[in-house]
Amino acid sequence: MPLERADFVGAIWLTTPILVLLGSKTPRHLRWILLLPFGGSCLLVAFAFPFGPDVAKNYTFGTVFYVALVNFNLLVLEDPYLEHKWTQPTSDGKEHQQPFHSLGAWDRIRWCFDNALSTRGIGWNWRTAPLPSAPAPGTSKTAFLRLSMQRILQQYMGHDIAAGILLWLTHDGKMGVLELDFVPRCIATACWWASSIAVMDIGYHFACMIGVSSGLFWTRIEEVHPVNGPWAECYTLSRFWNRTWHQNFRRGLQIPSRVVARRVVRAPRGSMLSRQTQSYFAFTLSGLYHWAAAKMAAPSESFTRTLTFFLLMPNILLLEDLVIRFAQEKLGWRGSWWRVVGLVWTFLALTILSTGFVNDLVAPGLVTAFPALRMSPTYYMLNTMVENRG
C-alpha cells in the first residue's frame, strides 16, 4: 500500500524529544533554528504524500499543529533544562528535584523523552492542574492491575451506553446531530463527549498496565492518574474543562497562554485578568488548530461551527465566573445544594453550545465516537425495544 500523510504522525511526534535533546547542546538564543528542519519536514510530508481514503485517519495528521506548538514552547518560550525538574519522593514524604544538568548521559536522554512526551507533567515540577486521584501510595502491582481492569470495564460500559445511544439517535450515523430535535440533539451531544473521553481513558489504562507490569515506564503507581475526572465534578463549565475533561493537550496551550498573560498583558499571577487572558488565548489557539486539522482532512467542509464554539467558550466562562461571584458575595449561595443547579447548567450549556462542533466531527466522520466494537449491547437493546413496540 502506498504511504499517506497519516502514516508519518508517529514520526512527527518523535521530533519533540529529539529536538529537546539537540536543544540541550544549543545556546538558548539559537534554539529556534532547530524548528526550521522540523517545519521543512512537515511541509515535505504534506506535499509529497497524499491523504488516504480514511477521513478519521487523515484527521490525526492535524496533530502536527499541536506538535509544532509544543516544539516552539520548549525551544523558544521556555528553558526546560533549567525550569523543568524530575521529582522523586523521599522517605520523609518530601520531593527531591533532579535538574537536567545533574544527570548522566543516559538519564539526560531519558529526561528529554520523558519531558517531551509527558503531556500532564506527572513526575515533574510543572505538573498540570488538578489531576484525578491516583491509587494510594503502597498499592501493589496486583492491586493496581485489578483496579485498572475495573476502571477499563467501567469506562467501557459508559462508552458503550453513550456510543450506542449516539449511533441509534443518528440512525447508524446517517443523520447529523444538528438534524435532531432539541432534546435528542442535547442527548446525542452529551453522549459524544462521554463516549470519546471513555475511549481515551481505556487506551491510557491499557498502556499503564503494560508499563507497570513490565517495569519499563510509569512504574510509580501512586502517580498513575486517570485521564478524566468524575462527572460529578462538572457543576461548573470551568470545572468540566479543568477537572473532568482530559488534560492531555493542556500543556501546549498553557505555556503560551501564561507567556501572554505575564509578559504581554503583565497581569498579576493568580488574578482574574491573568486567568481570563489565559482562557481566551488558550481557547483561541485550540480552536485554530482544531479547525485547521479538520479543514485539512475534509477541505470541502467549512467547519465554522468549530471556530464559533472555541471562540464563544471563554466568553461563557467569564460570564459564569461573574455570576458565581455575584451569587456567593451578594446572595450568600455557598451551600452544596447549588451544585445540582450547576450540573444542570453545565449539561445544558455544553450540549447547546457544542452541538455544532460535535456535528462538525461526526458528520464527515472525523471523530464519530460510535461503539468501538461491532457488537454494542446498548445499540442492540434499543433496536430490540423499538422492534418490539412496532
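Cβ coordinates are placed from backbone N, Cα and C, and glycine is handled just like the others.
Note that the structure is a prediction, hence the values are computed from the model and not measured.
Feature transmembrane segment, per Swiss-Prot, maps to range 343-363 of the set 196-216, 343-363, 364-384. N58 (N-linked glycosylation site) carries a helical DSSP state (H, G or I).
Note: the CA-CA distance between N58 (N-linked glycosylation site) and N242 (N-linked glycosylation site) rounds to 28 Å.
Neighbour counts of Cβ atoms within 10 Å were compared across the glycosylation sites N58, N242; the minimum falls on N242. Contact between the transmembrane segment (61-81) and the transmembrane segment (307-327) does not hold: fewer than three of their C-beta pairs are under 8 Å, each pair 6 or more apart in sequence.
Against the transmembrane segment (6-26), stretch 32-52 shows more Cβ pairs under 8 Å than any other of 32-52, 307-327, 343-363.
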